[in-house]
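Just below is one structure, and these are the notes that go with it.
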Amino acid sequence: MAKLYFNYSTMNAGKSTMLLQASYNYQERGMRTLIFTAAFDDRAGVGRVASRIGLSSEARTFDENTDLFAEVAALHAQAPVACVFVDEANFLSEHHVWQLANIADRLNIPVMTYGLRTDFQGKLFPASKELLAIADELREIRTICHCGRKATMVARFDSEGKVVTEGAQIEVGGNGKYVSFCRRHWVETFNCS
């Protein structure tokens, strides 16, 4: 029976790299995969997943109105899909998470999601909360703080390098805007503004 997986971490842990490698492993064996990413995440171009180390792939996009189950079911009816991959899973809606669960349960296709657990304020993303609750398997991807401890938190910085403590939960940005910290250094950074 297929499973729904949630691979989570903070920024710059290699989530997209791992997704692209796993998808390649299927494709190398002649199996078809589908990769999805958020439509508004255009850091690598719309409909593209890219890693910091230079790997990239085209991807289908999702937005609030996308029915992931219907889309995957239709594509699977045309040609078998061996695995579904979702990058930036923290940008899914809660109903998307249940659609992904249905892909695993009803279509018997493994679904591998990759995303952030918490935002810059230390709060769970709604989709991450749902994935933590219902995913069959949870996998933490580790990265490190500047002190060498495991990084579990992320801080957002403005264009002047000052820590941001308020604002929209979702704001697309990369290496210069977000920095990963252990909890101790996140608290010190977050409280210093």
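Numbering starts at 1 and runs along the chain as displayed.
Heads up, the Cβ atoms here are built off N, Cα and C, so glycines get one too.
Under the heading active site, proton acceptor, Swiss-Prot lists E88. Long-range C-beta contacts of E88 (active site, proton acceptor), restricted to its own chain and to partners at least six residues apart, with a cutoff below 8 Å, comprise T37, A38, D41, Y114, G115. In the three-state DSSP scheme, E88 (active site, proton acceptor) is classed as coil.
Among the features that Swiss-Prot reports, ATP binding site is placed at S9, T10, M11, N12, A13, G14, K15, S16, D87, E88, A89, N90, with the record citing sequence analysis. Around S9 (ATP binding site), the same-chain residues six or more apart in sequence whose CB sits under 8 Å from its CB are K15, L116, R117, E140, I141, R142, T143, listed in sequence order.
Annotation comment: Swiss-Prot describes C145, C147, C182, H185 as Zn(2+) binding site. Here H185 (Zn(2+) binding site) comes close to C145, H146, C147, R149: these same-chain residues lie at least six apart in sequence, with C-beta atoms under 8 angstroms from its C-beta.
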**Study point:** Which same-chain residues, if any, lie at least 6 apart from A13 (ATP binding site) yet have Cβ under 8 Å of it
**Key:** I141, R142, T143, A151, S180
Revision key, fill the gap. Rounded Cα distance, in Å, between C182 (Zn(2+) binding site) and M11 (ATP binding site) is 12
Check your understanding: Taking the centroid of the Cβ atoms of C145, C147, C182, H185 as the Zn(2+) site, which other residues of that chain lie with their Cβ within 8 Å of it, listed in sequence order?
Key -> I144, H146, G148, R149, A151, F181, R183, R184, W186
